[in-house]
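Chemist: TrEMBL lists B:131 with the feature active site, proton donor/acceptor. Sequence annotations record features per position, and here TrEMBL assigns active site, schiff-base intermediate with substrate to B:159. The pyruvate binding site feature in TrEMBL is assigned to B:200.
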């Protein structure tokens, strides 16, 4: 299936100030953001899915009723664990965005990588997307493994959050049968030029609008306009990446959105807030933020 | 409390050939190994604790009835998850061997590290030991953080599996109030010389005897004898480290012990087996193996 | 000064089969390549400048009489050594492309970086360009250091060979007063989209033509054409990068050009040749190669 | 030849405050330190050999007239460059301590490593020692390469400065025909236990005495005494390693020795001085320093 979607946020998962999952806030946040974007990713790189018990993970998804395309991050270590998570995602009609096993990854080998993704794809529980996010997983998905997996009909996309655009160039030149999405905002226009169809990026929780403008300009061949936006947006993407989910939630709260708090021991406030706040304010003044 | 124990295996967790937890084999393995060692670590660096559901983890521990000192590995991402695991370990009378949060570690900061360990220590549910195993967690526990945490009365030991003996030298020179254990077999005698009291090492599942001999020789001041053993044992430790838990289980099965299989997608056989098998056979011929 | 140049090769430095500098071949190679490109870089990332004695380095430059813009790579460890190299470059009317000191780099600090580049710039011996090539130097030039250095009137450009296009995005968004060039062929179009003006790339020794076509298409707003070329060229750039200067020289010899041999202990043949040769042949058949 | 030497300093190379080589200070420093140690290393990890022109390097050695065993560091990139340096070392009757080529190291391959060292060994210009110092060279000398090279009669020793004592354990267990020396002071006793014969360590420029005491205690089987010294010395070794040659020279000047200054752009003062100075003072009060 070819998607028309393009700018998607990895939605954070709100906890209350004591560290309990706040499913109501989670639903409210999704509903506040969804109208501004082209789809939603739950439990992605900024979604703290790995911070949830199995029951919480299910409860969080059960609170959602999205109308646009949906992805669910799946960051398990083994097939037995992944199959549980896969069924939950399928129940929501979502694609699963799957990171590789990581704790014993040095023992996985090419066969282990292939076996993991193929077995999940063969369950037929929704499409499988590859999720390359080495800054969190500390695992590299090798390019030949990705090329091999792309031949499987059940594996249909990739989100590459590494920001390493030589990888994007490889995916495109090999004409892999994968939807190509970047997870890296600071060099977004580079990813588009190299063949990405859009972005699944933390910035889209706060200010999807200018990224959609950039994408539209690019698609319309207005290169100078796209480059001007790219230059304008770069500090915003770089600043948010430096602070991660702690900063993202702080920024959402600042905008009056129900972003909640990170789960302890992660703290409520980011050391990157002081430098990020003025850019966020500037974007709000432009009418670019969600709220 | 000062422990008298010294050579402890991180017991593997047996799965059957279909990937189901085999609690009976787990109990049988523990009972087969325990007489040869000074204590047991469940769910440690070779214990695949991160491959278990919460229910499985509990069931695996419930099958055990050790009589020697026990540790349980705790490799969670947040305090909420860790507290569940901590209670299970406490129910077994075990010390908890705790790795730091890892997925969003870049956002944790010194305060996050301190908060995580101190909060667990303050629950009073058994002793907390620090567990530094960067080859799996990909996280570095900073030395000043360890020095700070060692001041807490509830934090009483460390297993350092990095093999970086400059760290061991630091722990000893600072006279930290921590029991010092290495997890690295290939340079075991170096760790002892630098102040480690013993080893919690995968090799102790297969052949604890010569490591105890080395330790005894060292403690008796028989340096030449200890060095001769160190040289003899080095290829064994290095070989097993290269293959990890996949190789360890294959070796246990080869010895006729109920080591079971790794959980898929991890495979049953290790590429390192061919070079490890002759050393294992040689150790068996010496009467050094558990079976 | 704003340059009009865009596609520039880092020319290899030919040695004969016994390892002696072959200045005649060096001159002949430069003369064979220069008509196809917009300028020349001597002693750059593929130029083995660090393999030359001071006398050889001078002799190699003395053999040249380029008519297009010229750069000379300067990869010294201290100011005393750099000043000698700087004078030689200035004598040729070249810009100096300067890597940071590397052997004791951990002791350099921000002040050391700034001091190094500023002192060179203040000699007034030609323009200084920053040269970021961490795959060879193993040193990261920090972004804030680059931003600071860009304020100096004598520091006028940067070649970034890291392929990390988040860096390119930063340079462009900060509107640094630097000519921006990429040294990474595999994601060349991404670099252009993010603000690079052109490329100083090893591929330009062999086949500058299609890269100039890509650049022209991009500048004319023919995005689809540029992307089609990017996809076609990606395996060529990736393949050459995998083999480095050893492969580059082997490819030049294959084309009948006087590329010579690497300096021993580097070998004459690259393990990457077998997979690179068919792409090179294909490019020759297209009429894309220099010879 | 089996050496009787054991504690050797990598002597720094003094520059005056303007950055000129100060050969007189170099000679005076060597003469001040030599009586306290078992030999001298010129142009080693703290010797700034890579900061010298060929003429300076020769002049620096020509100023020396050591009476104890001598090593000269050789940190070149190719055989042609290395052979020049090798002759200079041989003229002094020195062993050459040789780091691997580093700038294009990814293209070197096993054959290149072997070729480099064997070719130098076969010149017959003095013994060749392997020099593994990845913190500076950023190159790993693979263990199988070292094992292979150790079979060559002209290659007779290794200085391993990595501090990775699993490497030392490997050298010893394989009974390689190499003199084993560590370059890492903080875990010195661990290196001895694992088979090192002594240390070629920066600390030996400042305070060789307590390291000789530690070594004597170890050799006499006085383990408790050796461990007490190890614990006492660890902060000194760790502190000096943190500051490197900049700190070493500052410390020498503080002791009134002709250590001179680093070569610019390296600065005269280290950020690590404030924390190192009290330990140095304490060692001076003990009568442990050279002056």
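All positions are counted from 1 along the displayed chain.
Just so it is clear, glycine is given a Cβ too, placed from its N, Cα and C backbone atoms.
Automatic prediction, not curation, is the source of TrEMBL annotations.
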Chemist: State the Cα to Cα distance, in Å, between residue B:200 (pyruvate binding site) and the residue listed as 'active site, schiff-base intermediate with substrate', rounded to an integer.
Modeler: 7
Chemist: Which residues in the same chain, at least 6 apart in sequence, have a Cβ under 8 Å from the Cβ of the residue listed as 'active site, proton donor/acceptor'?
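Modeler: Listed in sequence order: B:44, B:73, B:74, B:75, B:97, B:98, B:99, B:158, B:159, B:161.
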Chemist: By a simple count, how many Cβ atoms lie within 10 Å of the Cβ of residue B:200 (pyruvate binding site), its own Cβ left out?
Modeler: 31
Chemist: For residue B:159 (active site, schiff-base intermediate with substrate), list the number of other Cβ atoms lying within 10 Å of its Cβ atom.
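Modeler: A 10 Å sphere around the Cβ of residue B:159 (active site, schiff-base intermediate with substrate) contains 31 other Cβ atoms.
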